[in-house]
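Q: Mind looking over this structure? Questions follow.
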Amino acid sequence: MEFLVIILSGVLFATAIYNLLQKQLLRIIIGTVLLSHGAHLMILTMGKLKRGQPPVLTEGVTQYTDPLPQALILTSIVISFGITSLILVLAYRTTQENKTDNMEQLRGNSNE
Amino acid sequence: MSNLAVLPIIIPLISAIILVFFNSKTNISRILTRAFSLIGLGVTGYIAWYVIENGSIILETGDWIAPYGIILVVDALSAILVLTTNIVAVACAFYAPHAGLGEKEKFYFYPFFFFLITGVSGAFITGDLFNLFVFFEVLLMASYALIVLGGDKIQFRESLKYLLINLFSSMLFVTAVAFLYGVVGTINMAQIAQRVAEVDQQGILTTIAMLLFFVFATKAALFPLYYWLPNSYVVPNPVVSALFGALLTKVGIYSIIRVFSLIFVHDIHLTHEFFIWIAGLSMIFGVVGALSTNNIKLIVAYNIIPAIGYIIMGIGIFNQEALSGSIYYLMQDMIVKAALFLLVGVIAYVAGTSDLRKMSGLIHHYPVLGWVLFAFAFVLAGIPPFSGFIGKLLLLEGAFADGEIVISIIALLTSLLILYSIIKIFIRGFWGDENAMKNLEKKSTKGLIAPIVFLLVTVVILGVGAEYFYPITDAIAAYLLDPQIYIDSVLKE
């Protein structure tokens, strides 16, 4: 199971990087979203995937799920959600102001 | 007393929240900002004194015992960096009302300013690798808002790139933490350091170390990952540039110091030797960038990169003198970079342009400004008695002690070129025909020079008082070379 999820995470990373290298802004943003999904899946897998076990260590419980990765993912999801909404607004305003959503034309020259 | 550790985070945080309510009343905001920044300076000054006298402060938040909860560790290194952060914050807080922000002040400038300080202080203080990521995000979020504040065409374009590169490296940071968690099963830095020594497969640790280095190097703008820095630091207001130049890259470099002195010391020949090469290349490429342009803001922005090179060089050499030099240089560079950005902000404001080719003879109108710039050129190049000299002296001593001749020569030549790049502003901008800039009206620099002079005084104290400061950085270097002290103080074994 872990093996499959790791591969899935790798596929997500690959698609994300492919999208990040595109020129259209929206594709790049989709790339960043996929990237964060890949990273989150990665954290989840690092705590081992088990079913039907409590996430706490109490007396009488010998098998338990590691709660830490889930706490980490939750934090990370919130952060990347916030950033995604910010970047969407930023990208929208950038295209409005600069009249293009093509990164090729947003390169800029240092000597302006 | 351990609750002291949370103050450098909580004071700016509360300040920011209070300032949100006074957003529409600019005058009150300005006064409160100054007051809060001074309180921050006072408290962190006390903390720095306390830590140097009594040793590290460790706070286990929520009373969760060390490896389980999030812990805050204020050791001497964190304490002096937090103090320096607050010195920069005070200068920027006093500069900001005169910086020509105009309407932008009403776009929550001051709250974001304090959120940035919160993130930076938190990153310096935390003793938990994931928490470090969270504080990175706090400061990056504030920086995204500050960099785009005002919303010019160019600003949008550059901040988009800034955001994307930082988002990418943040996600790699999370991935690296996940890998590390998979290998050692903890995210508490002290416990990671303890368990790293017990792991059988050192190869995978080196891979994770390099992944983390990539992340921090992106944030710290090391060669070859500095390409995002110069343009994005030029577009915002000088105050924002000063905060960014002084603090953001330094958080990256601090993380490298922390992680590569505490956790990944198992394969020094590979990792740290690599740092020395990166350091040399950063110095060369940074200074070449600084020499290649006539835009004064770009000159200063490019000068960040060789400075980062000097600091990483000390970590690469990894002996006591060199580390001590790195820390000394790190402290003074935060102040100097803030001052330089503020200074070129003033110059660009009075001259009405940031293009050197259009400037001339400013010294006849603004003598103080000219001489302050001249002094900072000397600080940056490392001419005694300024603090840059001591930092570089220690670094070079360390380098020669380890027989790293090539990097020493590169470092020395780079200093000369750095001096040239700043003196170029002085010569072209301040010397020359008084009447060449005909339509130059006399502008008031009231309130703009004082914060810069304050920073200059700090740097001079840092240089002249080396006898007092050197033992502190030396002790920190010795402390960094022995991770066991950190581990024992946190895990209390």
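Positions of Cβ are set from backbone N, Cα and C atoms, glycine also.
Annotations per TrEMBL:
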TRANSMEM  B:6-24  transmembrane segment
TRANSMEM  B:64-95  transmembrane segment
TRANSMEM  B:107-126  transmembrane segment
DOMAIN    B:127-417  domain 'NADH:quinone oxidoreductase/Mrp antiporter transmembrane'
TRANSMEM  B:132-151  transmembrane segment
TRANSMEM  B:163-184  transmembrane segment
TRANSMEM  B:204-227  transmembrane segment
TRANSMEM  B:239-262  transmembrane segment
TRANSMEM  B:274-292  transmembrane segment
TRANSMEM  B:338-356  transmembrane segment
TRANSMEM  B:368-390  transmembrane segment
TRANSMEM  B:405-427  transmembrane segment
TRANSMEM  B:448-470  transmembrane segment
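I'd like these features described in context: how deep, what's nearby, how far apart.
A: Cβ atoms under 8 Å from those of the transmembrane segment (B:6-24) belong to residues 32-33, 36-37, 39-40, 43-44, 47, 59, 61, 72, 74, 82, 86, 89, 106, 108, 110-115, 117-118, 121-122, 124-125 of the same chain, restricted to positions at least 6 beyond its ends.
Sequence-distant contacts of the transmembrane segment (B:64-95), counting only residues of its own chain at least 6 positions beyond either end whose CB sits under 8 Å from a CB of the stretch, comprise 4-6, 8-9, 12, 33-34, 36-38, 40-41, 44-45, 47-48, 51-52, 56-58, 113, 117, 120-121, 124-128, 131, 186, 188-191, 238-239, 242-243, 246-247, 250, 254, 257-258, 327, 330-331, 334-335, 338-339, 342, 447-448, 450-452, 454-455, 458, 472, 475-476, 479-480, 486, 489-492.
Residues 5, 8-9, 12-13, 15-17, 19-20, 23, 29-30, 32-33, 36, 40, 44, 70-74, 78, 81-82, 85-86, 89, 92-93, 96, 101, 132, 134-143, 145-146, 149-150, 243, 247-248, 251, 254-255 of the same chain lie 6+ residues outside the transmembrane segment (B:107-126) yet bring a C-beta within less than 8 angstroms of a C-beta in it.
Under 8 Å from some Cβ of the transmembrane segment (B:132-151) lie the Cβ atoms of residues 103-104, 107-109, 112-113, 115-116, 118-120, 122-123, 126, 158-159, 162-163, 166, 170, 173-174, 177, 219, 232, 235-237, 240, 243-244, 247-248, 251, 255, all in the same chain and six or more residues away from its ends.
Proximity of distant same-chain residues to the transmembrane segment (B:163-184), defined by a Cβ-Cβ separation under 8 Å and at least 6 residues beyond the stretch ends, is recorded for 129-130, 133, 136-137, 140, 144, 191-192, 195-196, 199, 201, 204-205, 207-208, 211-212, 214-215, 218-219, 228.
Sequence-distant contacts of the transmembrane segment (B:338-356), counting only residues of its own chain at least 6 positions beyond either end whose CB sits under 8 Å from a CB of the stretch, comprise 88, 91-92, 95, 99-100, 233, 237-239, 241-243, 245-246, 294-297, 299-300, 303, 362, 365-366, 369, 372-373, 376, 380, 422, 424-425, 428-429, 437, 440, 443, 445, 448-449, 451-452, 455-456, 459.
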Q: Could you tell me what the rest of the chain brings near the transmembrane segment (B:274-292), counting residues at least six beyond its ends with Cβ under 8 Å?
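A: 217, 222-224, 226, 230, 260, 298-299, 302-310, 312-313, 315-317, 404, 406-407, 410-411, 414, 417-418, 420-421, 424.
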